[in-house]
């Protein structure tokens, strides 16, 4: 798997041990790559082309994609020591690697590579460890070391020697020392902690300058590598005479200027001292005086032989800008003599400190109605540098309604410079930027969070100025009908909304006796059962007020429509002036033909819509005998079903059941007494009376025509107005009450009930102002919308020269709606006209009659019942509604 070939291990002309070491390093690198780690190792001084690792394979890259994806490596400041063969993905040595040059004496030495692959972009980090080999021999700083020793030096005197250094590390740098054979000195080794070994020369025999004024010894250093490498230095020992002159500096005080942050080992000054003595008495040693504190000793170091003073630690102008260093120079005489000097070091400033910004908040949060110029915060800036490096300027970012005003040196005030609106911006993050005058300049930032406090400057607002609410009549007391909600853009107490009624009079009673509103939730309740027949519309206002000081408020209008329920039974109308409501008596000639109308039952219902749509049924006689009479389902007209004969009883008692279409349906019964007489027994005056009645009816019909035209014009205008109003309100969302959610549908009619009945009964519509209004609008709350029927009209002959146009309604969806208010005598005619009437005979004359065909439905799914008939005006009691449509909204005479 490693795929290591023999030639990849070859290194030109290296020893057997070096080759084994290289093989082990390469094996470790291959093992790391195989285990999934992107880590390699290579020995220093490896030959160009030496195999390092299969980098493409270890990074999980295909060889074919190296070139298309622009595979390349970049080392971090390490030159081009390594390269990758894009054909086989092998990382190899590209140039000579000298570990000592690369990492010095660092225990760990690695080359960090960044492998970049594009399309898509990927970056890998590879570490190549450079292994040390024993390629450096121990080296002494000089070729020879000189020691001056008094000839009077006592035995066992010790003279430390300068040791050798080996740039290698580990065992390769572990040194041992040996001294050439001599009779005067022996070698002792001092093990310094973490600093290797220090050779010490020990005097083992007294010196005699006259015999040996100079001794030359060879000090040898051997490292622990394999093979071992050695280095040597010559020790020149001068035997000195007595000392009688002290060393002297060329200046007593030295002044030096240097920049802070100078690198370690930077030369501060090179001292020079001289001694008039000869020999050993002339040699001097430089050292810091005992007067120098430890802080200075840590900052600087001195070469005792050369007198070089260098930096040993970081120099910071902000810590100290001057240093005073006292230096002693001591000769090497038998009785050493000392000289003194002082070094004054002045540190020059560099722009190495960023400004500091301190924010002190004073008035937070800030009211949104605060005046321009209001002080919000105090800001102080500082810079530890000096001169231009410590001069700071401030600015604000980003744009905001604030500005900085200088108040004192390095002090600023953050003041309001514009109008605040908490509802638009409740919090500002203002960034203060401080920049010094250095080159390049440094900057610092501080963020000031300015919170805007709310002021009650917004009134509660409703979503729309008016709401339409529907509630069924006979609701339980305390019924929840609607919930108003207003939103206040302010905060906390200023946004705490409470609701109340705008009190007024509704007729003779106070509005609060009808409805109430919960102060906190805005729920509107009906305090008592409402009656559609008494009150169809209640218009009032609800006020919303916040809890601010001063409080602000607004009003909303509610139109409360009371929807009808079937709570009124049909009421029978008297048959005529002076008649009783309980029984109808009529004389019928036995000579009448089938279909002749002999009587008419009239009834009204105080409800609306379906609840007022009446139908008539003839109750069967006792014993199941079939009656020769029938009653019109929606007209209430009693007519013959066949010709009368002598077998029919002379007195017929008919029981007519009148029902509405409410749920549940309510009903009433009417008794009709018919007296059957032969045609010869009819009163003689009946012809004259009939003629007079016909004339009165003709005159009345002429008047009704004009009245109906006028009423239809007014009704059309009302319908147009309502349609326009509905179109404007169509975008408003539907509302529903708690007493029963409904989808109200407005039903308009040209006549509300019969004209005569509508003129007799007025409905109260309480909108707050003006007198009660005539009820011309009814709502059918619980019925689905009825689509516009498709009408097919055809003309059919009915005999003679007359014909009628009959309309067939198609695609009916859902039940049809009756007229808005039921009238007398057939108010329950179906609401969707199934045919079009036309008069037969002379209009308004005695023989005038109307032929009609009505198609209607009382359940979803289409037409289920059809009624055809001929209607005759029964004299002069038909009223203005005689010209009405039989299948329309109902009315007297329909």
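Glycine too: its Cβ is placed from the backbone N, Cα and C atoms.
Features reported for this protein in TrEMBL:
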{"type": "COMPBIAS", "residues": "809-819", "note": "compositional bias 'Basic residues'"}
{"type": "DOMAIN", "residues": "28-140", "note": "domain 'Cadherin'"}
{"type": "DOMAIN", "residues": "141-249", "note": "domain 'Cadherin'"}
{"type": "DOMAIN", "residues": "250-357", "note": "domain 'Cadherin'"}
{"type": "DOMAIN", "residues": "358-462", "note": "domain 'Cadherin'"}
{"type": "DOMAIN", "residues": "463-572", "note": "domain 'Cadherin'"}
{"type": "DOMAIN", "residues": "580-685", "note": "domain 'Cadherin'"}
{"type": "REGION", "residues": "809-847", "note": "region 'Disordered'"}
{"type": "REGION", "residues": "863-894", "note": "region 'Disordered'"}
{"type": "TRANSMEM", "residues": "705-725", "note": "transmembrane segment"}
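Each residue of the domain 'Cadherin' (250-357) gets a DSSP state, and the totals for helix, strand and coil are 10 helix, 48 strand, 50 coil. Using DSSP to sort the residues of the domain 'Cadherin' (580-685) gives these counts of helix, strand and coil: 11 helix, 46 strand, 49 coil. On the 0 to 100 pLDDT scale, the domain 'Cadherin' (463-572) averages 93 in this prediction. According to DSSP, the secondary structure content of the domain 'Cadherin' (358-462) in residues is 4 helix, 56 strand, 45 coil.
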